[in-house]
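**Student:** In case it's useful when we look at the structure, here is the feature table from Swiss-Prot:
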BINDING   D43, G44, E45, R102, Q103  ATP binding site
BINDING   H136  Mg(2+) binding site
BINDING   D225, N229, T230, G231, K232, T233  D-ribose 5-phosphate binding site
Amino acid sequence: MTERYADKQIKLFSLTSNLPIAEKIAKAAGIPLGKMSSRQFSDGEIMINIEETVRGDDIYIIQSTSFPVNDNLWELLIMIDACKRASANTVNIVLPYFGYSRQDRVAKPREPITAKLVANMLTKAGIDRVVTLDLHAVQVQGFFDIPVDNLFTVPLFAERYSKLGLSGSDVVVVSPKNSGIKRARSLAEYLDSPIAIIDYAQDDSEREQGYIIGDVSGKKAILIDDILNTGKTFAEAAKILERSGATDTYAVASHGLFAGGAAEVLETAPIKEIIVTDSVKTKNRVPENVTYLSASDLIAEAIIRIHERRPLSPLFSYQPKGKNNA
């Protein structure tokens with residue numbers, strides 16, 4: 001069992017979106033979750049009560065702003081306000097999944113940049129720091145005027161696949177869209193494997209007509225993306241890989257939302273295993289071939305390093321021989 005962390009000035013609180021990962025983070029850090037309650041009135045209003053003193057403490061609030069996105073975001077904002085009014089020393093938020101991060105630019109005329117709006121709201125509420133996991137767009141860090149620590153899951157995935165023997169020239173890491181090339185290359189470098197990209201014509205209404213840049217024939221393919229939402233991107237990419245001669249297809253994503261009937265879509269796709277982290281707690285049905293890989297140890301280590309003013313850089317690399325990164 002993890003020993004109790006000695007510094008009592010640091011406190012962790014979990015809101016309601018993803019209690020399981022919060023409990024794992026607390027256990028890994030050796031810090032018990034603080035006592036608080038959150039309830040919703042019949043008209044939808046949220047009431048929060050912090051049931052212990054936080055005066056002078058460094059607070060870390062754990063909350064994924066996943067479905068229901070707006071309820072979870074407002075619960076977070078209200079908790080931040082409660083901590084500020086209770087004279088906390090610092091208020092830091094831990095977002096295993098950062099909702100609205102996909103709305104990071106104006107793609108069509110008169111569209112908002114909602115990721116920036118959310119950043120403004122959180123900053124105005126009084127937070128001192130953000131710890132998050134695999135932002136959809138890394139430039140969202142620049143929407144904040146406070147420190148943002150964007151942790152990467154690729155080292156976790158690399159360790160998993162290395163243990164499974166999925167590495168080397170017999171494996172190809174595939175980005176199912178051209179915007180994910182950097183992510184695919186990062187995993188491929190860890191695995192010492194080549195990369196491939198699935199691209200589509202400008203009109204991609206028939207997405208199964210995509211073509212592959214790179215060689216996948218006779219290789220085991222690993223599809224990688226940051227968010228698994230409806231599952232269509234992975235399902236369509238897996239069919240293209242199968243037609244192109246890939247022997248087996250695996251898929252990995254940082255955040256498993258499994259929305260809009262994703263289980264049904266993915267269960268008919270030629271994918272051997274799907275790996276996601278536990279950044280999102282979903283009530284939707286999950287395919288039987290899904291494996292959850294916990295990001296709790298990574299987040300817990302980041303929290304402790306931040307509190308102790310130690311560098312986070314060792315967390316951004318994978319040491320296959322278990323070297324000590326301290």
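The backbone N, Cα and C atoms fix where each Cβ goes, glycine too.
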**Student:** Fewest other Cβ atoms within 10 Å: which of the binding-site residues D43, E45 wins that one? Let me know.
**Tutor:** D43
**Student:** Same chain, not part of D225, N229, T230, G231, K232, T233: whose C-beta falls within 8 angstroms of the C-beta centre of the D-ribose 5-phosphate site? Give them in sequence order.
**Tutor:** I227, L228, F234, A235, A262, V265
**Student:** Cα-Cα, whole number of Å: T233 (D-ribose 5-phosphate binding site) versus D43 (ATP binding site)?
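**Tutor:** Checking the Cα atoms of T233 (D-ribose 5-phosphate binding site) and D43 (ATP binding site) gives a distance of 38 Å.
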**Student:** How big is the gap, in Å, between the Cα of Q103 (ATP binding site) and that of D225 (D-ribose 5-phosphate binding site), rounded to a whole number?
**Tutor:** 17
**Student:** Around R102 (ATP binding site), which of the listed binding-site residues (H136, D225, N229, T230, G231) come within 10 Å, judging by Cα atoms?
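**Tutor:** If one measures from the Cα of R102 (ATP binding site), the binding-site residues that come within 10 Å are H136.
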**Student:** Going by DSSP, give the three-state secondary structure for Q103 (ATP binding site).
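**Tutor:** In the DSSP reduction, Q103 (ATP binding site) maps to coil.
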**Student:** Would you kindly give the Cα-Cα distance separating H136 (Mg(2+) binding site) and G231 (D-ribose 5-phosphate binding site), rounded to the nearest Å?
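**Tutor:** So the alpha carbons of G231 (D-ribose 5-phosphate binding site) and H136 (Mg(2+) binding site) sit roughly 16 Å from each other.
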**Student:** K232 (D-ribose 5-phosphate binding site) to the residue listed as 'Mg(2+) binding site': how many Å between their Cα atoms?
**Tutor:** 17
